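Here's what Swiss-Prot has on this protein:
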ACT_SITE  ARG182  active site, involved in ionization of N3 of dUMP, leading to its activation
BINDING   SER55, ARG78, HIS79, ARG80, GLU86, HIS177  FAD binding site
BINDING   GLN75, VAL76, LEU77, ARG78, GLU86, PHE87, SER88, GLN89, ARG90, ARG155, ARG182  dUMP binding site
DOMAIN    1-216  domain 'ThyX'
MOTIF     78-88  motif 'ThyX motif'
Amino acid sequence: MSAKLISVTKPVVEGVNTAEELIAYAARVSNPENQINNKTASGLLKYCIRHKHWSIFETAFMTLELKTSRGIAAQVLRHRSFHFQEFSQRYASVMETPPPHQARFQDHKNRQNSLDTVPEDDQTWWATEQEKLYAQSMELYNKALEKGIAKECARFILPLSTPTTIYMSGTIRDWIHYIELRTSNGTQREHIDLANACKEIFIKEFPSIAKALDWV
């Protein structure tokens, strides 16, 4: 699971140098004489967050490249306010064998949770069996392609753990909501890891907003 910055809004207004400054600039649309006031921008952003004036955070945009599994990608794609481009198994061959994933016990008190208490012997068994299955799956997939079977047909035998790449684009308001939701309890562990990788990039690009959100 990883995330990488692809693009972030670059203002062309003189005196407005970052996407974060642009959000503050847009927030002052009704006060044009004071729009370019970067000294008080962080305080304004904090005020807007405290009072839930979220619309200003729709004036800047960020795109990240996410490396994850098809299983987690299905959860990511449910965030419909975003715009996505995903690696197509229909048009491109899958070259990478999935890595084994951690085993966790089902939490019977909370079905959204899993418990990291699986014994080491069972973890080893689980990893070994996954490696066997993934090797068989990739062998069958590649054999199908060699026989001329279309990628769109051969892909159906690939497991949900198959790696994929997604470009995820959204407003800063979208990213705040996504990160808040997917780093919280009730999210699958692997998705939390991915959302935290996104959060690290967000903090670097939008330090004042991140501070106002108590992320740092």
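Cβ atoms are placed via backbone N, Cα and C, with glycine included.
What Swiss-Prot annotates, mapped onto the structure for a quick look.
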| residue | record | DSSP class |
| --- | --- | --- |
| SER55 | FAD binding site | helix |
| GLN75 | dUMP binding site | helix |
| ARG80 | FAD binding site | coil |
| GLU86 | FAD binding site | strand |
| HIS177 | FAD binding site | helix |
| ARG182 | active site, involved in ionization of N3 of dUMP, leading to its activation | helix |
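Comparing the Cα of GLN75 (dUMP binding site) with the Cα of every entry in SER55, HIS177, ARG182, these being the recorded positions, the smallest distance points to ARG182. Per Cα geometry, ARG80 is the residue among the recorded positions ARG80, HIS177, ARG182 nearest to SER88 (dUMP binding site). Annotated pair SER55 (FAD binding site) and the residue listed as 'active site, involved in ionization of N3 of dUMP, leading to its activation', C-alpha to C-alpha distance, rounded: 21 Å. Between the binding-site residues LEU77, ARG78, GLU86, SER88, the minimum number of other C-beta atoms within 10 Å of a residue's C-beta occurs at ARG78. When the Cα atoms are compared, HIS79 (FAD binding site) and the residue listed as 'active site, involved in ionization of N3 of dUMP, leading to its activation' turn out to be 11 Å apart. Most Cβ neighbours within 10 Å, among the recorded positions HIS79, ARG80, ARG90, HIS177, ARG182: ARG182 holds that distinction in the structure as shown.
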